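Enquirer: Handing you this structure, nothing more for now.
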Amino acid sequence: MVPISMAPDRGANSLVSLRFTTFAVSTVCLPLFAFLFCIVWSLLFNFSETTETHCHVPNYLPSVSAAIGGETPQRYLWRLCIGLHSAPRFLVAMAYLKYYQGTPCSNPYYPRLCHINFLLNSCEIFFLMLLTYVSSSENHEVHKLGFMSFMFFSLGYMFVTCTLWRMTRKWSGSPEERTSYAWKKRLFGFYLLMFLASIVVYIWHNMYCEPGVYTLFAFLEYLVVLSNMAFHMTAWWDFGNKELMICSPGDKRI
């Protein structure tokens, strides 16, 4: 289904061959590692700096913005991992576009939705880079724009992805396709629920400044981030035995 195909055997002209599932999931693991490192390091070594609130009420967890962009070395590692994972993410986005285009569907809107899905995915990656490289302490308004745009495009991407899978009746496909579709729906629902809950808690914190409320907000932020990463990790089921291959010009592979 994907035009990054695995040949029956690896010829002598194949220079590099990597399972595409490994490639796609490893790409997501870079920001996952950086995210967990930033949270743990902030709690251990920059607790007071990263948990301070504007109204000085007790708080026990750093927000995502404070953890990844407030202090060093967290900011350096986060930017490094996001930078390293960005180009491969665009390649995965292109692979998904070809994947969907290669899936039969009679719905007349399906081809257009495939391209919209690719655009949403690309914008999600772009605005993730924007909010990463412009921290809230450097330029709060630009960072805020990056964050809000990232959330908008990531929600749109998840919704359109689930719509595409429903259009192509993936629930009646292979076991891997059924598993992937089921997890995509669960993770999208969880992501949306946690995002809406975090907005409510954030407004609650700004209105009343009660102890521990910002801690709850930060925890909900963590769940939002982790569910987003988990959604992208469903690529493990989507690409099966496909391989990413670099071949010499004489090797006629797509």
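Backbone N, Cα and C define each Cβ position, glycine as well.
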Enquirer: Can Thr21 and Tyr181 be said to be on one side of the membrane, going by the domain names in Swiss-Prot?
Expert: no
Enquirer: Which one of these stretches, 145-165, 187-207, 211-231, has the most C-beta pairs shorter than 8 Å to the transmembrane segment (25-45)?
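Expert: Checked against 145-165, 187-207, 211-231; highest Cβ contact count belongs to 211-231.
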Enquirer: By a Cβ-Cβ criterion of under 8 Å, what residues six or more beyond either terminus of the topological domain 'Lumenal' (166-186) are in contact with it?
Expert: 100, 103-105, 107, 110, 113, 158, 230-231, 234, 237-238, 240
